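J.: Marked as domain 'TMC' by TrEMBL: B:369-484. Residues or ranges marked as transmembrane segment by TrEMBL: B:44-66, B:87-110, B:125-143, B:213-237, B:292-312, B:489-510, B:546-570.
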Amino acid sequence: VYRLHGRYHEMAPNVVPMDYTKDPDVKLPMQLIINMPELKENPFKERIVESFSEDGEGTLSFNDFVDMFSVLSEMAPRELKAIYAFKIYDFNTDNFICKSDLEKTLNKLTREELTAEEITLVCEKVIEEADMDGDGKLGFADFENMISKAPDFLRYCFKKKI
Amino acid sequence: QKWMKFQRDFENFKTACIPWEMKIKEIESHFGSSVASYFIFLRWMYGINMILFGLTFGLVMVPEALMGKPYGSLPRKTVPRAEEASAMNFATLWDFSGFAQYSVLFYGYYNNQRTIGWLKFRMPLSYFLVGVGTIGYSFMIVIRTMARNANEEGGGDDTSFNFSWKMFTSWDYLIGNPETADNKFASITTSFKEAIVEEQESRKEENIHLTRFLRVLANFLALCTLAGSGYLIFFVVRRSQKFALEGLENYGWWERNEVNMVMSLLGMFCPTLFDVISSLENYHPRIALRWQLGRIFALFLGNLYTFIIALMDEINLKASYSLPFLEEEKIVKYNMTIWEASLYNGTIPENSTAPPIQVDPADVPRGPCWETMVGQEFVRLTVSDTMTTYITILIGDFLRAVFVRFFNYCWCWDLEYGFPSYSEFDISGNVLGLIFNQGMIWMGSFYAPCLPAINVFRLHTSMYLQCWAVMCCNVPQQRVFKASRSNNFYMAMLLFILFLSTLPAVYTIVSIPPSFDCGPFSGKTRMFEVISETLEHDFPSWFGKVFGYASNPGLILPFILLMVLSIYYLNATSKSYKEANLELKKKLQSVRNRGLLI
């Protein structure tokens, strides 16, 4: 935790106090966080920060900061990672991953290199593959079901080292 | 915990040690797995050639260079007096005559002494065994790779959640480097495109009759092209024989090199023709690639076949004017005895008991040495093939890219989308070039031990040159498709070529007597006699007896029959295992769908 505090502090030394015993109310804005080297190249960096922030605006207090890195570490259990993964990919925060969320994810992943009809094809295929209850969008149960069978999830996703 | 970290670091280290892995991954992310599969194939060939090089260099060239008689001590090791003036010229060396010819690089240099040096190293035996061993090793390793790939293929391509996993789990969160991120984006995009192509192909509806008719028409056209090219080569070869009869001095450069030029031109234009024909057929790109490869393969085989017929015809022609080889050798031997006699200023001695007069080896008249000639031909062919490939890459790809990039501003139509545009990477042409090149090496390495060395050098430079050319001058194909996970198709072609190229060498070992004046087998009637000689001299006598019994045809034929039967049996059992595997997989799938398994 001390290392995390060190990183948190060095992002904005004039704002963050060294002493947390009095539990001050300090929050760091999103811009500083997404410039961290671990997150800089990640296409989902804004979503990651937003989903961990308490007020939903993207500012992280130190508690949120610690939460974020604990979920991203190797120690976190799979279910916890799956919950946060769902939050990250849910762009409009309606607790469902609908088609527009999928389109946004795809565009971020491929940096908009695919044509429009390729994008629609992929999104349709995803919904066709993973949607179990047939409502045209992915609820958390569908997502959990699909992710739990994926061999690569733990290997690539959500592993951070400080 | 520390143990897991150590294991992971070790895995990383092992991956970093594989040569060119980074380059190939980069190419894969930008161009797709089919282009990358060519480079993986190239790397694998490089490994084989390194081992062949190790064998020939370590067991044949080095012992002769270190322990054999040095240059100039024997007639066969010296440049003849007549050629000495031009022996050091660059032109002669480039042509592999002169000093290059009379060196460890070629068959003719080796002495037929049974043992050389203080180690009593058996040179002729080692030469023979290395020759046979390279072929045997190549067979083994090709078949082993095929078997391994066949195992992997039963993995099962259609997983559920294919697209979902690609979307949600493909980004590697540990990436912190912008270049790696670029590569990762490109590879994700390519992977999506490949999956999309697969999906589109499976959704395509076919008008069966029209497609079948078009495919039959395309095959007919391809056959016509092949027949046409075969006839053209035949016609040109006949013409060149006519020219040879009338004396080559009367004709200019084109007539002299007509055969080579026609073959190269055919090799350049026919594949493009096949490409156009294949657009009629409307296959899945992977299958279209296989048809293309098959057709170009047939084209090159036909060309090679006619070329070999031409060579044999020429040899027969020369032989019918001058006497055939055996006759020629007798005449040379006779001349040599007469020449020796002239040194003694007298009659031809019956038994030369007079003390040998010191003669400079360069002056001794020399017998013909067809093995070195053959070796030289192969080396020249390899070198010219390499040069052609490199120049084609430089001109065809690089200059074209430069032209399109810079002249686009001042040209009437848009060069980048219109006519020349950037070239795509020609997978089939390159793969076949590689395979045929390897066939040349296998054919020629018995006569010219330097061939694997030349090939190692060529593959090394070719890897760097082509990687650079691909990244810099080519654009990805319109439809990127996933290569079949095993390279079995390439392996099957390689095996076929290996078999074809070992036939000539085996034929010469078994039925043609070696030249009397050069090489490690001179003086014997057949090359494989070196083995029986070794058995007589070096092994205890009971061994020879046992071997004599074992090589009885009555024993060998049942043995061969037994091997054929065991191959059939193993094939049958492996088929039944595969079917059982498929059944189990289906059961697993249905149980999982029912939700009983998690």
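Just so you know, glycine gets a Cβ as well, placed from its N, Cα and C.
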J.: With CB pairs under 8 Å as the measure, which of the listed stretches B:44-66, B:125-143, B:546-570 comes out on top against the transmembrane segment (B:489-510)?
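T.: Looking at each of B:44-66, B:125-143, B:546-570 in turn, the most contacts to the transmembrane segment (B:489-510) are made by B:125-143.
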J.: Grab the pLDDT values for the domain 'TMC' (B:369-484) and give me their mean, rounded.
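T.: Computed over the domain 'TMC' (B:369-484), the mean pLDDT is 78 on the 0 to 100 scale.
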J.: Determine how many residues of the domain 'TMC' (B:369-484) DSSP places in helix, in strand and in coil.
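T.: Once the DSSP states are binned, the domain 'TMC' (B:369-484) shows 82 helix, 4 strand, 30 coil.
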